[in-house]
Amino acid sequence: MSKKYYFIGIKGTGMGPLAQILHDQGNEVLGSDIDTYTYTQAPLEAAGIKILTFDARNIDANQDAIFVRGNAFNNDQIEVARALEIGVTMVSYPEAVQEQISQTTSIAVAGAHGKTSTTGLLAHVLKNIAPTSYLIGDGTGRGVPNSQFFVVEADEYRRHFKDYAPDYAILTNIDFDHPDYYTGIEDVTSAFADFANNVKKAIFAWGDDEHLRSLKPSADVYYYGVNPERDDFVATNIHKSTQGSHFDVVFRGKDLGEFAVPLFGQHGILNALAVIAVSYMEEVDLDLIRQYLLTYQGVKRRFSEKQIADITVIDDYAHHPTEITATLDAARQKYPNKKIIAIFQPHTFSRVIAYKDEFASSLEAADQVYLANIFGSAREQAGTITSKDLGSEISKFGGIIEENDMSLLMPYENAVMVFMGAGDIEKYEFAYEKLLGQLRTDLT
């Protein structure tokens, strides 16, 4: 029997995909959000899902719906406040997700870094082999009736993943992030320990992460990595090229054969190894895993590429030093003979304060670095540090860019321009691409 759902904050990177899933299942779905365009709304519009502007009257007009409340909203948000006032049925986003994943064999992917890419890769492989629903943090979701698998990205921010109880979990790493909420690495590790204790069947964890190794869940734990002395699933005979990476996989002494992925950087190999591991333990055919790893084309805003004349533009969500290192490493592998230019928009003042030295160190891997002004958040509009302060710590710092002035970036030819950030870095990228396209057209 179909139901009606109303999403408060439907453009959220998790809310949007969940709305798509419920719509795909034949439910009536609508929701509200800000008017500003976001990349997550395109699939909602394509599905014909109605998007309203936040207004308390929306709650009154849809009292017959189940309201799904986005994680970003407090009780004083205009629609949340009205929903609480009149007593309609309202559930949190994690509660709504858990309701969905409880109906099938569920695999949650969690980690400070790499969870979206790994979720996307796992969803791609499984959906081509068996009926699979998935919810990815790039704004992509798909609901398949009578799914065999449900793949979900599990976010550690504010312990949102504590409500999930999946059959399996992939844990890519534990790192100190979100300093506006977590007090330190011990606090983050505690959150992951609580999540791991909810997993029913097995956990697949990166073996080089000592924080992950410190977890003691009741479920079986399989470690993946490149260390045959410590890991259960091991990638060996690794070869990296400008076309991607290929490697052999060994599970506790058993040779599972060679695999190849069109991915770049060491993190791409580890993500693929995690996908191979969980799929193998669910007895998915190895040849099918091999086949569909090769056809993976990535997820939104994770090393997304486009070519404009002689310039390669890469768009990536990297907003933590570890992620910046991984993204620039991938760019070096794929384009070893080109200049790598980093254009980075720091995300939140608290994160820049906490990681100023680490940001500077990670960005040094580029040939030249440009910064946009710090992007604040709804909870953090100002701070005591600036992008210029960060730039002063970077030896290859080229200056601060503005949306209406791309002159610093225009002299580069036959280069790789890597735009990174979790805020609105895309507006700088679009401004650059527009001007670059005009200039290159004028020269032809």
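Glycine too: its Cβ is placed from the backbone N, Cα and C atoms.
Taken from Swiss-Prot, the feature ATP binding site covers GLY111, ALA112, HIS113, GLY114, LYS115, THR116, SER117, and the record attributes it to sequence analysis.
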By a 10 Å Cβ neighbour count, the lowest-scoring of the binding-site residues THR116, SER117 is THR116
Looking at the binding-site residues HIS113, LYS115, which one has the fewest other Cβ atoms within 10 Å of its own Cβ? HIS113
For ALA112 (ATP binding site), the nonlocal same-chain Cβ neighbours (under 8 Å, six or more residues apart) come out as GLU156, THR172, ASN173, ILE174, ASP175, PHE176, ASP177, VAL188, HIS320, THR322
Excluding GLY111, ALA112, HIS113, GLY114, LYS115, THR116, SER117, which residues of the same chain place their Cβ within 8 Å of the centroid of the Cβ atoms of the recorded ATP site? VAL109, THR118, THR172, ASN173, GLU323
Compile a sequence-ordered list of residues in the same chain as GLY114 (ATP binding site), six or more apart from it, whose Cβ lies below 8 A from its Cβ; state 'none' when nothing qualifies. THR172, ASN173, HIS267, LEU270, ASN271, ALA326
